[in-house]
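Engineer: One structure follows; several queries about it will come next.
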């Protein structure tokens, strides 16, 4: 008896279609009625985000999405009212409006006119016309929200954070990147320091404050006191925080990832505060903190030896600092030391000898390393990613092809950014 795919039960077809990408799922549904019925099974579309251009009326669009169980929507361009989406997707779970520059408070106000209990994630990144007024609507009607992205919403002020702290107690992740009007007062609202006005978002687990230039060490004090469950904190480009602020963070036992990239006032003293506390960090980024040097590596080895990822790009570290660190950091998986121009082959040899679990290393702009040091690095058994951009070589040292390295690391010209699979020949 001849068997054919058309003989399969719809449940089996649905299982197969579940492995297809979104475009192929749609194509499968156009083959025949049997395939369409199988392709419209909700299990096929579980977790899929519909990406839509809202340009003209399409009465069948939202019924079709709901029939397939799609609850996550990204609007790529918005030329119709946002209320069209909200009314059409009664059980919407995630709404991404990132980059919808024409979205205004008025448009959002017309969309959010009653409670939407199903919505868990809202992305308004780069919606530059949005102000505190919209945050009032969100706090009033989206009380189940867990993820809120406001990166680049430069009109948001401390009043907006007060509204968030009043209405969004279930919030777990908040991105405030480049909201430059925010100050310590607003962070105090989030951390519940003004209980008479708002309870605060005390359940926050991820907080991004990148490029919030008005924040000072007082914000870190608020965070350490009120947001005790925080696991990820991004303070990159916050030039107003200093070593003293890190003392407040040093006892946040829940914190796992801390980004201090380009925080100009952070020095070895701040790293000492972190290392001497009770932190259990798995990721730390102090890249472009030009006051961080070899002494910081000694502190890291003493008190932050559980790190899996460490970024030190453009810091004033040398082979001596590497020597003081690597002997205690056996669990390190990712090490970024790009533009650390004092690192030589000796440093690479120490890394190769002690960091056997390393899967990725960035050596971009390390101008004093040679082929000899790279040969040691590429012998690391777990290495998968190697960045050699701007590696300066003499004519006699230039690597012409992957045969120059026993591991098969590909390197073209020293000007190129190279992402290599160093394990390919193992």
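Here the Cβ of each residue, glycine as well, is placed from N, Cα and C on the backbone.
Taken from TrEMBL, the feature domain 'F-box' covers 10-46. Positions annotated as domain 'F-box/LRR-repeat protein 15-like leucin rich repeat' by TrEMBL: 118-190, 200-352.
Show me how these features fit into the structure around them.
Structural biologist: Tertiary proximity for the domain 'F-box' (10-46) is limited to same-chain residues at least six positions away from its ends with a CB under 8 Å from its CB atoms, namely 67-70.
On the 0 to 100 pLDDT scale, the domain 'F-box/LRR-repeat protein 15-like leucin rich repeat' (118-190) averages 97 in this prediction.
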Engineer: What are the DSSP helix/strand/coil residue counts across the domain 'F-box' (10-46)?
Structural biologist: 26 helix, 0 strand, 11 coil
